[in-house]
Amino acid sequence: MSNNPPKTLLDAKQLTLLAEMARAAGEAIMQYYQGGELAIERKADDSPVTAADLASHAVLQQALAREFPTWPQMSEEAADIPWAQRRGWETYWLIDPLDGTKEFIKGNGEFTVNIALIHRGQAVAGVVYVPATAVCYLGALGLGAWRETPNAAGYQRVELNARAGVKRQVPVIVGSRSHSSPGLGEYLQQLGEHEMKSVGSSLKFCLLAEGKADIYPRLGPTSEWDTAAAQAVLESAGGRVLEYPAGNNLKYNQKETILNPWFIAYSADWPCD
């Protein structure tokens, strides 16, 4: 058997089905977002979790099990799967039902629903849905990357290209709005002149995929479900996500911990060096 992944594991119809699942999960989230007072609990790592996270998780878990029963799932809200079990997974779903819970709590709209398909360690397909704006980003190897936006006639699908932006002399850097990165200051100093934008959740990758930003350096902790779906979108648009400083492609389910190494994501127009 070849170690190379197939060109794509999903067809366009199935990718659209994932977008519909993400929208349904987003609708569940928005019932809480627009509903006023929200109870907030704390996980063991002190990160927040709300009823909206759990409602979105339930929608996605049921929909994926119904439509793709042979592929297992790993979700931020059901992450207690032993390494001895998941290390044998060749193909599985990696889900963040509500990425950017802190942004959700703040009410700034910068939170997403993330669904990724992982095959042999690679994020081969992904959907990132933004409930507050009803914008959906989709990508799969072999199918390209797309953005769906609502209008009066329904959803319009626009092909994404990380080269869509005008080539800039000064790079636009995107960084986390709610999480500091201990190594970021040193990296930016080495980079030199730049423009900085703070953005929540996996939307940072999506700006790269649209050609609206150039580099996303994440020199601090993230979990695998934080990045997989948006990485699939960005790479399908022509961008890259590389471990830093090793320079290897960011991969998944390679070790017991679900924490990513430091990484840097690039639009297609910016050199990966």
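Cβ coordinates come from backbone N, Cα and C, glycine included.
All annotation found in TrEMBL is predicted automatically rather than curated by experts.
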Which of Glu76, Glu210, Glu243, Glu256 belongs with Leu98, Asp99, Gly100, Thr101, Asp226 in the substrate site listed by TrEMBL:
Glu76
Using a 10 Å cut-off on Cβ-Cβ distances across all protein chains shown, tell me which of the binding-site residues (Glu76, Asp96) has the largest neighbour count.
Asp96
Residues satisfying Cβ distance under 8 Å from Thr101 (substrate binding site), sequence separation of at least 6:
Ser47, Pro48, Val49, Thr50, Asp53, Phe111
Would you list the other residues of this chain near Mg(2+) 1 - those whose C-beta lies within 8 angstroms of the C-beta centroid of Glu76, Asp96, Leu98, Asp99, Asp226 - in sequence order?
Ile95, Pro97, Gly100, Thr101, Thr112, Asn114, Ser201, Ser202, Ser223, Trp225
